[in-house]
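Annotated in Swiss-Prot:
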BINDING   SER91, GLY92, THR93, GLY94, THR95, GLY96, LYS97, THR98  ATP binding site
COMPBIAS  1-13  compositional bias 'Basic and acidic residues'
DOMAIN    78-249  domain 'Helicase ATP-binding'
DOMAIN    260-469  domain 'Helicase C-terminal'
REGION    1-43  region 'Disordered'
REGION    352-374  region 'Disordered'
MOTIF     47-75  motif 'Q motif'
MOTIF     197-200  motif 'DEAD box'
Amino acid sequence: MAMKRKLNEHDVPEPESPQSPKRRASDASQSEPASPPAPTPAKEVVASFAELQLEPRLLRGIRDQKWGSPTAVQSKAIPLALQGRDILARSGTGTGKTGAYLLPILHNTLLRKGKTSLILVPTKELALQITKVAKALSAHCGQAVRIQNIAGKESEVVTKAKLADNPDIVIATPARASANINTGALAVTELAHLVVDEGDLVMGYGFKEDLDQIAQNIPKGVQMFLMSATLNTEVESLGSLLCNDPVVLKLDDLDKDSKRVKQYVIKCAEEEKFLLIYAMFKLGLIKGKTIVFVGDTDRSYRVKLFLEQFGIKSCVLNSELPLASRLHIVEEFNKNIYNILIASDETEILGSQKKADESRPKKKPKTDKEAKNDSGVSRGIDFLNVSCVLNFDFPATYKSYFHRIGRTARAGKSGTAISFIIPKDKYRKHKSTTFAGCENDEEVLKKVEKHQEAGQKLENYNFDMKRLEPFRYRFGDALRSVTRIAIREARIKEIRLELSKSQKLSRYFEENPEALAHLRHDQTLNHPARIQPHLKHVPDYLLPGGSRKPADVGFVGLNVPRVNKRQYVKGKGRKVVRRNGKVDPLKTFNARGKGKK
């Protein structure tokens, strides 16, 4: 079949000019729209986002976010994504995975209107966080990019209204996305991109059936992004289900230089955990913002109420609080309003880790899948500029340990991780402070040491417990005052406070956003009668030698001033008269008789 010649401006075929076979082959390849461009190898490191040839409006949004240069995962993934390749990426926390898929999706959305992108995440908190980042990056795009978040619990009427105008980007959990696809509210016929963020968590939280149903409904040719911190068997099976010949990026080695976490271990008794955390914060041994990880929510409030006795303020990230309150706590923590955040990873104990140690005590899982998945905080949520991660209760698995310490030393910064370990012979020796999850601390510690990366190791924290002996009598009274009843009252009090703020003041804060800064989440939850004000101050005699110099108060005389002397002599010997003018018999009684001495 003869090839058609190119027409000129007068619709007349131009004579075919002789050209090289290579040029002719390239022209033939351009005339076939079905064949994708040949993938070019991505650069190891890209100096700036401008080199990625992104839409100019997105580059302005990137500058507003003060993103410097692309991270390793962004340098590798974005050029491949712009070529239309499916991406299966393994990269640690804090390495810029969110930007690696958001930027190419936003770029393609601006070029091709009428297409939809679906982003699946394991939790509502992560969905809101991604929504915020996507809106910030597309701030200069006006109405060209419409973003909707349907991960939260809301009525079907509200969700249908959000999806009625076919938004460009939809963010949801797999359960919510599957439900809305079944009802027809979420149309996937024009789906261009599908993202599964934190793939290992999505599979661990039991969304396999929802993902299978979504995979059956999406059309062919959808570009896939699968992001995960680990590539286990479940994630690889998910990749084979959704992806078509994906590019596998394993970028842990490229990000090792940015992980500068100094890891320390302190082996102590159960009650000594409270003594150590009191001394560390009160004596200023921990600098900067700190996340304290504990076993469960009750444990969070026990630590908070204990620290309140000494005037140490902290806030609890409680899964029972309203979603808006939890996100506000994270935002305020990132703004350096709070320095100590107490969090729990209840999903670890609820069994989200499939290969967790069977000897661990198991709690009954909640019936509501969404409620269960909202409680974990060691993954997904971004905490900025965290200096220290304190494992008050050691995690249940070695994977959870690495996820926890991944909250610090992000974006090339250094950080510290300190872990309290309960030896076997000291477990259950102090019933009021014991925690069932600490029974196998030493076994989990061995697994952590076994899976350490090259150049990383756990060191013993050199802490002389004898120097803390003077503090024991102070911390003992404070610890005894934190009873189960006090913890229950504190939890109820905080939930009532946060519900009141969320319901009654939501409209007010929409109209007056500056007043939101006055909300504090580190309020005192202790009953006033339980707080002893003198415990807030550490006397000099309790401090180790040389920690604080005695104050110079000058010369203190022992003589009574003359004025006071005269007043004392003048008033001496006077009869004490009652208010009614009568003589006090107790002061004037004389056993020998009147007038006799």
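Keep in mind that glycine also has a Cβ here, set from the backbone N, Cα and C atoms.
The helix, strand and coil residue counts that DSSP assigns across the motif 'DEAD box' (197-200) are 2 helix, 0 strand, 2 coil. Secondary structure at GLY96 (ATP binding site), taken from DSSP and collapsed to helix, strand or coil, is coil.
In the three-state DSSP reading, SER91 (ATP binding site) counts as coil. The number of other CB atoms found within 10 A of the CB of SER91 (ATP binding site), across every protein chain shown, is 24. Residue counts of the motif 'Q motif' (47-75) by helix, strand and coil are 17 helix, 0 strand, 12 coil (DSSP-based). Around THR98 (ATP binding site), a 10 Å sphere centred on its CB holds 22 further CB atoms from the protein chains shown.
There are 21 other CB atoms within 10 A of the CB of GLY96 (ATP binding site), with all protein chains counted. The binding-site residues considered are GLY92, THR93, GLY94, THR95, LYS97; of these, GLY92 has the fewest other C-beta atoms within 10 angstroms of its C-beta.
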